[in-house]
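Asker: For C:26-474, the entry in TrEMBL reads domain 'Amidase'. Annotated active site, charge relay system per TrEMBL: C:Lys79, C:Ser157, in sequence order. According to TrEMBL, the feature active site, acyl-ester intermediate maps to C:Ser181.
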Amino acid sequence: MSIDVDTARRVAKLARIRVDESDLPALADELNGIVTFMEQLNAVNVDGVEPMTGVTPMRLKRREDVVTDGNMPERILKNAPDAREGFFAVPKVVE
Amino acid sequence: MLDLTYTAPKPKVIQGAKDDWELVIGMEIHAQVSSNAKLFSGASTAVGAEPNSNVSFVDAAMPGMLPVINEFCVEQAVRTGLGLKAAINLRSAFDRKNYFYPDLPQGYQISQLYHPIVGEGEVIVEMGPGVARHVRIERIHLEQDAGKSIHDMDPTQSFVDFNRTGVALMEIVSRPDIRGPEEAAAYVVKLRQILRYLGTCDGNMQNGNLRADVNVSVCRPGQYEKYQATGDFSHLGTRCEIKNMNSMRFIQAAIDYEARRQIAIVEDGGSVTQETRLYDPDKNETRSMRSKEEAHDYRYFPDPDLLPLEIEQAWVDDIAARMPELPDAKKARFMGDFGLTDYDANVLTAELEAASFFEAVALGRDGKQAANWVINELFGRLNKEGLAIGESPVSAGQLGGILDLMQKGEISGKMAKDLFEILWTEGGDPAEVAAAKGMKQVTDMGAIEAAVDAIIAANPDQVEKAKANPKLAGWFVGQVIKASGGKANPAAVNDLVAKKLGM
Amino acid sequence: MSKSLNSLTIAEARDGLRKGEFTASELTGACLTAIDGADALGAFVHKTPDIAREQATAADARLAKGDAPDLCGIPLGIKDLFCTKGVPGQAASNILAGFLPEYESTVTSKLFGAGAVMLGKLNMDEFAMGSSNESSCYGPAVNPWRSDDRELTPGGSSGGSASAVAADLCLGATGTDTGGSIRQPAAFTGIVGLKPTYGRVSRWGIVAYASSLDQAGPMAKTVRDTAIFLQAMAGHDAKDSTSADIPVPDFEAALTGDIRGKKIGIPREYRADGMPAEIAALWAKGADMLRDAGAEIVDISLPHTQYALPAYYVIAPAEASSNLARYDGVRYGHRAKLSQGDGITEMYEKTRAEGFGAEVKRRIMIGTYVLSAGFYDAYYNRARKVRALIKRDFDQVFAGGVDAILTPTTPSAAFGLGEMASADPVQMYLNDVFTVTVNLAGLPGISVPVGLDSQGLPLGLQLIGRPWEEAALLNHAYVLEKAAGFVAKPGKWW
């Protein structure tokens with residue numbers, strides 16, 4: 001499985017990272033190098049192996065259904081590049 | 001308990017320009033879990049707050065923030081699963097669904113793709129007395145709701161509010177077992193009813209707390225049966241998904257439109273493109289949501305911030321032991337215990353509060369009479385005033401009191417209705433009010449006989465006519481009751497009039 | 001006292017403060033002066049002298065009252081990955097330019113609760129992705145050690161932390177370790193660095209790189225300091241679902257120096273082809289030291305070792321691609337200037353293209369690729385299965401009675417800044433070859449400085465312990481430290 005320019009373009013698009021068309025071949029090459037490195041994994045027999053989920057068996061932590069947080073819109077919005085009237089503002093989304 | 005067995009309804013058939021077509025519909029219902037706090041944070045789920053005020057740093061996906069699951073939301077999902085007679089998975093896991101959208105601050109939604117908490121179940125959707133569709137549930141999973149983008153506050157900007165971000169949703173996925181627009185709506189009604197009985201979702205569709213994605217495809221008659229026999233979807237047509245429907249009426253209209261659109265395409269020799277569509281109620285049409293299609297690769301993978309969710313069978317058993325009686329069981333019991341008709345039982349079990357009200361009235365009384373009064377007098381009056389059952393000025397105890405007075409023969413049906421009116425507006429104890437208002441049916445046979453005799457004596461012409469035509473005897477009965485000021489017991493009057501007229 | 005205050009160890013400073021030999025304010029002042037004189041190291045990227053002085057004053061008051069935990073008044077540096085309230089936290093990335101957290105990470109709040117003093121935020125590789133600190137938006141941190149005129153890397157990603165501790169700018173520094181980011185820089189700078197068992201230290205408030213691998217830990221001058229420091233960082237946190245609710249033992253008390261009868265494993269698979277003779281000799285020397293202390297040295301096998309790096313470079317970028325999706329220009333940090341007609345997609349794409357550096361972009365895209373439709377099973381799920389096998393290798397070794405495993409920390413001493421610039425990314429990844437298995441298996445690992453190479457640069461050995469047995473691991477490290485007697489310090493050139 002090798003990464004061509006189209007794949008590199010699609011991956012950049014999925015990742016929402018702008019890559020100039022002229023940079024795509026180099027990107028594809030670079031990603032290919034890494035993917036080739038990863039393909040060493042194909043040599044491992046993983047039949048019947050369950051993917052690892054944790055270091056030691058632990059029970060997933062739970063919280064109670066109690067409101068303990070919120071009511072701080074100014075702190076939520078404080079770092080926003082653009083906040084208006086209590087909302088985050090972004091370039092118009094066309095549906 | 002009465003065992004309700006059903007026959008399957010006929011699938012809806014749409015006549016195309018050339019052929020007959022059947023519909024195949026599957027639904028994904030997003031039901032907001034009733035809880036105080038969000039699925040993975042301690043922020044409130046309350047509606048109507050100022051923008052971005054029910055938001056924690058976790059909900060806003062600030063750097064370094066981590067999710068911790070709300071156990072009650074898990075319990076609600078288990079309860080819902082039990083309510084749909086579904087398998088509960090003691091081990092489930094959360095996955096991230098990755099996509100970019102301004103109302104999705106993490107850049108992913110935490111959901112359960114690979115290992116949902118609830119497995120296969122079933123909903124019985126009645127389409128008429130003795131006729132019902134068994135809709136199989138494929139799975140229920142827990143996931144986070146997104147925030148809200150507002151597009152009409154500014155010409156160039158969209159505004160984003162995260163109050164809803166991270167609220168727990170149950171996605172209830174059906175098999176493609178629904179065969180027409182009416183069945184689809186009835187399925188949503190039934191599911192909503194069950195969720196409300198369980199208390200796991202308030203079912204408020206206007207607020208978007210219950211909304212449906214509808215998968216529609218069309219096929220020629222006979223194809224669906226082939227799919228059923230083999231499980232092979234290739235016997236069915238290509239489906240389109242209509243997103244985010246929150247009204248029963250629109251669900252039906254959208255399915256109907258979409259089916260006809262697909263039929264036209266196929267009959268024209270074209271093929272349906274699998275895609276996501278949006279229903280526009282103003283134009284009554286569906287249109288493609290290409291923006292959602294653009295990069296349809298969600299890159300699901302297990303959320304590394306959360307371990308697998310393991311629950312104990314004992315905990316599930318405990319939830320099961322505390323389950324309320326559900327609509328199907330309640331309906332069967334009402335029909336069996338109170339002798340209700342299928343129709344009345346449906347009406348009375350539609351909402352849990354109404355069912356409980358009825359049951360309080362009917363307990364130890366004539367069930368059918370109680371049903372008549374609750375449905376006709378009480379519901380009629382509530383509807384007229386736009387009130388919910390919980391707001392009824394007449395309590396179950398008061399209505400029961402009215403029925404008791406009637407049962408004992410102390411008041412007539414007419415009086416009972418008057419008494420109901422008085423209690424509705426003024427309140428009070430039925431027996432005391434009846435006494436105070438002099439509402440007492442006369443059953444003193446001597447007094448009634450005297451009144452009958454007087455009317456007969458005063459109306460010889462009518463007597464002759466009545467003897468020729470016994471149906472006219474009712475006139476005498478009415479006159480006697482009227483003369484008694486409505487207090488004479490109609491049954492007693494009836495008997496006496498018949499006797500006196502020699503009928 | 002002959003030593004300048006900033007060159008004290010945590011244990012020495014703790015004892016001196018309690019005896020009243022000097023105050024926390026004096027100690028902090030000495031560190032602040034050293035920091036101001038060390039800009040050439042690029043270690044501190046946001047200095048917080050006001051906070052430091054205020055905390056030192058408060059610590060002095062606590063010391064005066066006799067209510068002073070071990071870290072009370074101890075000046076520390078904090079890796080830029082930790083969110084500290086009101087202090088810039090950028091994870092060394094332009095995409096978080098201007099971000100001022102409104103919250104305090106669990107680790108820093110525990111440290112401050114114990115009376116520690118924050119001197120500032122420390123340089124690192126952008127989003128902790130790197131092994132040389134060269135991917136930082138601030139420019140690289142520089143190793144205080146050098147053998148000639150070249151500037152050397154302090155390692156990465158916790159390069160600023162390592163540089164600052166080695167140059168005596170602070171008494172200890174927080175680090176984080178996803179594939180070796182504490183241990184490798186510690187080895188490159190002649191200090192001690194410990195990556196705890198996954199779940200021992202809360203991740204809440206630490207900018208995530210790869211959630212299933214990230215673990216914060218202490219970097220300090222000695223094993224004892226590391227024990228004291230870890231004590232204050234460790235413990236259960238209800239806000240982190242992966243934090244372990246198990247008791248934290250007294251780490252310093254575990255430093256008995258007695259490892260007689262303990263079994264130390266030497267994994268044969270780590271004896272890679274082309275291992276420099278100096279590294280091999282150091283490793284053998286370390287084994288001898290532990291044997292001389294009464295431990296039994298055994299040959300062990302960890303058969304899946306060679307697959308650890310490729311598994312890591314699937315799993316870590318996959319998680320990172322998702323973890324870093326939140327940097328989208330909407331709620332905090334950088335947002336690109338937009339052109340007429342640009343919509344939301346352009347906003348995302350330009351913001352992320354401008355805000356992320358090359359290595360971060362590369363890992364996000366690799367991660368995106370391995371999770372994308374059709375490749376998930378081939379790459380990501382396979383890597384998770386290999387990860388399970390790697391963990392099983394360790395489980396079997398520990399089940400066979402091995403108490404700790406000894407390996408080199410790095411395949412070489414520190415290399416020159418810029419030397420890897422033209423190499424392909426995979427070459428840089430090979431730096432993690434000895435450390436990354438520990439993250440994949442979730443185990444505790446510690447790097448201890450053991451000697452100098454022929455150029456006079458420090459080299460470290462790594463000890464790997466059983467899960468949750470940091471106390472025993474520290475004791476092994478303590479023995480190794482004592483036997484090695486590593487006392488060299490970099491000559492001050494900055």
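Any Cβ shown, glycine's included, is placed from N, Cα and C.
Describe the structural context of these features.
Answerer: With a cut-off of 8 Å between CB atoms and residues at least 6 apart in sequence, the same chain places C:Lys121, C:Leu122, C:Met124, C:Ser158, C:Gly160, C:Ser161, C:Ala173, C:Thr174, C:Gly175, C:Thr176 near C:Lys79 (active site, charge relay system), listed in sequence order.
In the structure as shown, the Cβ atom of C:Ser157 (active site, charge relay system) sits within 10 Å of 36 other Cβ atoms.
A simple way to gauge crowding: the CB of C:Ser181 (active site, acyl-ester intermediate) has 37 other CB atoms within 10 angstroms, across all the protein chains here.
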Asker: Average the per-residue pLDDT over the domain 'Amidase' (C:26-474) and send me the rounded value.
Answerer: 97
